[in-house]
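The structure appears below as structure tokens.
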Amino acid sequence: MEKILRSSLLCCIVFLLISNFYGSVEAGKRRIEITDDLDDVEDNEEDESWKTWGSKAAAPEFDPPPDFSNMGFDQIQEEMAKRTFAPVVGFVKLLLGVQRTKDMVVDIAMKWTKVLRTGGLGVRFMAVDRSTVMFNMQNGKEVTELREFVLRQEEAYEVKIGKQEFRRPGDPPLDDVVDKLKQSKGDEDGDGNSENDVTKDEL
């Protein structure tokens, strides 16, 4: 009798283990199905960009040039600069009459490059001589932002892009400043011919 009870108990335990294992396998096979039709789902966190994600972007609309007949020369140049996508090369004239080493000019160029790259502008500045820094910008559309940045720097005097020269309002032309510096240098030396020309101080 005891053997019968043991065998039946053993059979019950084996049966329970098998059914338990089979149930866990079935539970692992069960999956929750989510339909692709989510039009009736209300989600207040979805924005328009999420709803259009994955769809093809629409072709940009043609942006016709503005009416130039009522604009001044500076306004026309500003509008044309906004539509320029080609790389832009230009020069920044540093304040004249300030004694600088070549390392100081290289530091200025590196500082400006790092600041503008941090701001997302692809610009590279390079020292040319002790009073000139050259820049190369990949996207000409951002040239206005570059110009405004440079003219806010205390070391900069003038930005030259192509044949255009930009200075802070009220600043005299660069040639006048150079002439004034030559004149004051000539007065210090006792004659008008200064050997240390401020414009030829190359690195």
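Backbone N, Cα and C atoms are what each Cβ position is placed from, and that goes for glycine too.
Taken verbatim from TrEMBL:
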type	residues	note
COMPBIAS	161-170	compositional bias 'Basic and acidic residues'
COMPBIAS	177-187	compositional bias 'Basic and acidic residues'
REGION	43-68	region 'Disordered'
REGION	161-203	region 'Disordered'
SIGNAL	1-27	signal peptide
*Six or more residues out from either end of the compositional bias 'Basic and acidic residues' (161-170), which same-chain residues have a Cβ under 8 Å from its Cβ atoms?*
77, 88, 90, 143, 147, 151
*Counts by DSSP class (helix H/G/I, strand E/B, coil) across the compositional bias 'Basic and acidic residues' (161-170)*: 0 helix, 5 strand, 5 coil
